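*Asks:* From TrEMBL, here are the annotated features:
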DOMAIN    58-404  domain 'Amidohydrolase-related'
BINDING   HIS65, HIS67, HIS213, ASP301  Zn(2+) binding site
BINDING   GLU94, ARG146, HIS186, GLU216, ASP301  substrate binding site
Amino acid sequence: MSRKWLIKNGAFAVLDANKPVIHGYMLIEGDKITYVGEERPEGVEGAETFDGKGLLFLPGLINTHGHAAMSLLRGYGDDLALQVWLQEKMWPMEAKFTSEDVYWGTALSALEMLKGGTTTFLDMYDHMDQVGKVVEESGMRAVLTRGVIGLCPPEVQQQKLDEAVAFARDWNGKADGRITTMISPHSPYTCPPDYIEKLVQAAHDLNLPLHTHMSETRAEVQQNVDDYGVRPVQHLLNLGVFSRPTLLAHAVHLTDEEIEVLAAHKVTVSHNPGSNLKLASGIARVPELLKAGVVVSLGTDGPASNNNLDMFEEIRLAALIHKGVSGDPTAVPAREALLMGTDYGAKSLFLDNTGRLAAGMKADFIAVNTEQAHFLPRTDYVSHAVYSAGPKDVEHVWVDGKQVVRNGECLTLDEERVRFEAQSAFEGLLSR
Ligand SMILES: CSC[C@H]1O[C@@H](n2cnc3c(O)ncnc32)[C@H](O)[C@@H]1O
Ligand SMILES: [Zn+2]
């Protein structure tokens, strides 16, 4: 039997330009929001009432790029540039990861994300069946994709391609539809051109979007020019990548012409400010991308290059750093930053049913405790959510109409067990 909830006395961040916050009611029927408004809705007989006094309801936050299992490598290899970090620290350790390691690393991240208000995340990794299992158990929504690195003999390339295709085919729509899938060449510098073309063909065959890292560092762009005679955007365009819906992670180093190409092909971008700052990769041209009409969302990247999964921090960084580099205080206004962490997140993942508090959308939402010093005075809740709030303010979380966090406690995952097993998994990696 589907449940009906009536939330009353709440402040709801609908994020409309004219009236971003509504004080009143929200009705949830089954997995969907069926009403948000100031007046008490009709047809609420049999609904369970939830008192939202002192709570700010936001759409669940959407993390559009990451590698959840890398929580096991948090703090292992800090303060390094991308290529050194990957080649000398991450890849040697990841080569030792078992399926079990991926399960516990991902569960640790799911716990951190859910308790911090993230309801949907994209994950690009290996042993993806384990990631799918965590998503099923945690109740989260996720876009999952087996990332493939093609710097290996042809038979290994083929095996990885087959794995990526089988995973994308078998898991799309799983977990009551909360899981969707994509196809992911890791990057233009780790996948030879003919391999990328095969992955594009697979995406066509499965009717799925593509996801890849691109133009994260200046050195990577230069290497692309040296190896292939063109910058990464032209390279991916030539290989047919943008003939599919595509989400790019990072896209830090772009020319004006490249931004136009991305806009023309409706390519979406996951901006990862925390990771880009920590790896000293640079600062993406977000105001220019937004102005050109590109959908820009936010991601944490993996927990080993961030080093947390706090989407409030990414939202705040997006609002702050572009003001700092441009000298324009309106470069990314607060409401735009919050949209990047919610509505634009859904759009960049090609999901049309989440990311907003509106009738017809999936009931993926969070309740933040506003009865705290840093939420006063009650001037502008959007401003407070962006410039003052943090993950510890999240009291309750619902995904697909089901409550998964209550009073700050995760209802779906055994926190103590997950923390214990993740620590053991890390110790196991060190001893192998
Ligand atoms: C093949 S699975 C994903 C792969 O990506 C690596 N990774 C993590 N963070 C980044 C990043 O910022 N740029 C490029 N690659 C990254 C991770 O270590 C996995 O090997
Ligand atoms: Zn990444």
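The backbone N, Cα and C atoms fix where each Cβ goes, glycine too.
What you are looking at is a predicted structure, and each value in this text was computed from that prediction instead of being measured.
Quick one: where do these features end up spatially?
*Replies:* Mapped onto three states, the DSSP output places HIS65 (Zn(2+) binding site) in coil. All protein chains considered, the CB of HIS65 (Zn(2+) binding site) has 28 other CB atoms within 10 Å.
Close to GLU94 (substrate binding site) in the fold, though at least 6 residues off in sequence, lie MET70, LEU73, ASP126, each with a CB less than 8 Å from its CB.
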*Asks:* Restricting to the same chain and to sequence separations of six or more, state which residues have a Cβ under 8 Å from that of HIS186 (substrate binding site).
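*Replies:* MET124, GLY147, VAL148, ILE149, GLY150, THR212, HIS213 - these are the non-local Cβ neighbours of HIS186 (substrate binding site), listed in sequence order.
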*Asks:* Within the set ARG146, HIS186, ASP301, which binding-site residues show a CB-to-ligand 2 distance under 6 A?
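*Replies:* Listed by sequence, the hits are ASP301.
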*Asks:* Within 8 Å of the Cβ centroid of the Zn(2+) site residues HIS65, HIS67, HIS213, ASP301, which other residues of the same chain have their Cβ?
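*Replies:* Apart from the listed residues, the neighbours are GLY66, MET124, ALA249, HIS250, SER270, ASN272, SER275, GLY299, GLY302, SER305.
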*Asks:* Measure from each Cβ of the binding-site residues HIS65, ARG146, HIS186 to the atoms of ligand 1 and list the residues where some distance is under 6 Å.
*Replies:* HIS186
*Asks:* In which DSSP state, out of helix, strand and coil, do we find ARG146 (substrate binding site)?
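*Replies:* SS state of ARG146 (substrate binding site) = strand.
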